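Chemist: Feature annotation from TrEMBL assigns transmembrane segment to 14-35, 56-74, 89-111, 145-169, 181-203, 215-233, 263-284, 299-319, 331-349, 355-376, 388-411, 417-437.
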Amino acid sequence: MGVEFESSKWEPTLSLYGFIIMCCFSSIALFPRFFNKSLSLSPFADQSLSPTSHRYFLFLYSLASAMEGVWSVFGDFEFVYSGTSKEQILFSLILGFGSSLLLAPLLAFLFDSIGGHNKACLVFCILHLFVGIWKRIVPQSHPCVWFLTLSSSLATGIFSFAFEAWIVLENENQGYRLRALTNTFWLMTFIESASLIGSQVLVNWLLASDVDTGIASSSTATIFIAIIGIFCVTKGWKQTPHSAPVKDRRWMSYVNIFSDKRILLLGFAHACLQFSIAIFWILWAPTLVADGREVHLGLIYPCLMGSRMLGSTVCPWLFGGSSSLRIEDCLVYAFTVMGLALSIVAYDYQEIGVLVSLFCLFHAGVGLIIPSLARLRTIHVPNELRGGMISLSLAPANAAILFLLILRGYYQNIENSTMVALAALGLFMASGSMHLLKRLGKQPFGNWHKS
């Protein structure tokens, strides 16, 4: 998604990068000056989990994000370069979302049951190690390349729940502090976005001299990072297992996930968000290069990730200190603004600068919403069921994307603008679900944990 080789007529100016960097730096540096020291920006304040363990986890999370980034930066480029047909690329996408729909929730409930989300993180690293080795020794045109897509999709599914569930359970086992977790959530979003930018820089640097050598070198880099990740998970910080029996956890799953309206609304909002993000990454490049326009996609990608980083730094400002703004109120506004941005895109606005501005606004909202939803999950969802709830909430989004890909790819019954409009509609519906969540009760009513 972030690789571009041909010269382009439109690219972001250097001042845009400087503006995003300065805004992020200012947001982080100025926050402690406006709030009490007890509400410090540091994610290690007021928590039982040691600073060393927290830094260790964030380092491991940055490695995992880099592994995801090396794969995602390529997008369809590697398939096209190897001569893969459009039908095979479409089949690869369908297989990826289909496997995430069917297998990821099963894996999430499995790891919830055995109480080993560190084991899930280990499986994540092993899958990326397998993908890297496969790409080194097997040609991209091999008939069994679908197995590569399946492994990458499963790794992405595990990434969506394993690390968050791991850090939450570890905080609870060692002395739960909600405020510390809030800081950790936005730091995870910030670090993930920064790692994705770093992955793009690495891949483009490797591809600069020779494409064939660069593709092989990027696979080697993935193998190297995966080995470090495996070492960190197996030899480093261990998760303290919880002791609730599996049968009790199944009963809790039925009662709390399928009967609690708050959890259903929260899962619905998460599904709508992930659906809009997936639609965006599928269609952002075709939207920019419509009508034969030449755009430097490789320079726009870091702008989007930088906007996401900036959005994540807003979280401590909104939820720290004596602010009376509730999370649900903030999410209602954020989802609405993002929906309006995609609504404009759906009308196929022709000015590239406006499109990029709308894309940046969308990703700033993503950076704000992801840690906010994680904080709401901490309030309303039992920690022992967190992984399953996250993965299960992604199932409707994956099903909808799979359905749209089939309609668009095989039957040509839906336009790109219609898909973007559906993503915008989903964001508006998510805004409504947050409004309903607020009306169901005030915090800390329904809170499963102490804060």
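Even glycines carry a Cβ here, placed using N, Cα and C.
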Chemist: Does the transmembrane segment (89-111) make contact with the transmembrane segment (417-437) through 3 or more Cβ pairs under 8 Å, each pair 6 or more apart in sequence?
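Modeler: Answer no, regions not in contact.
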Chemist: Tell me if the transmembrane segment (56-74) touches the transmembrane segment (215-233). I count contact as 3 or more CB pairs below 8 A, with pairs 6 or more residues apart.
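Modeler: Between the transmembrane segment (215-233) and the transmembrane segment (56-74), contact is present.
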Chemist: Contact between the transmembrane segment (14-35) and the transmembrane segment (181-203) is defined here as three or more C-beta pairs under 8 Å separated by at least 6 residues; is that satisfied?
Modeler: no
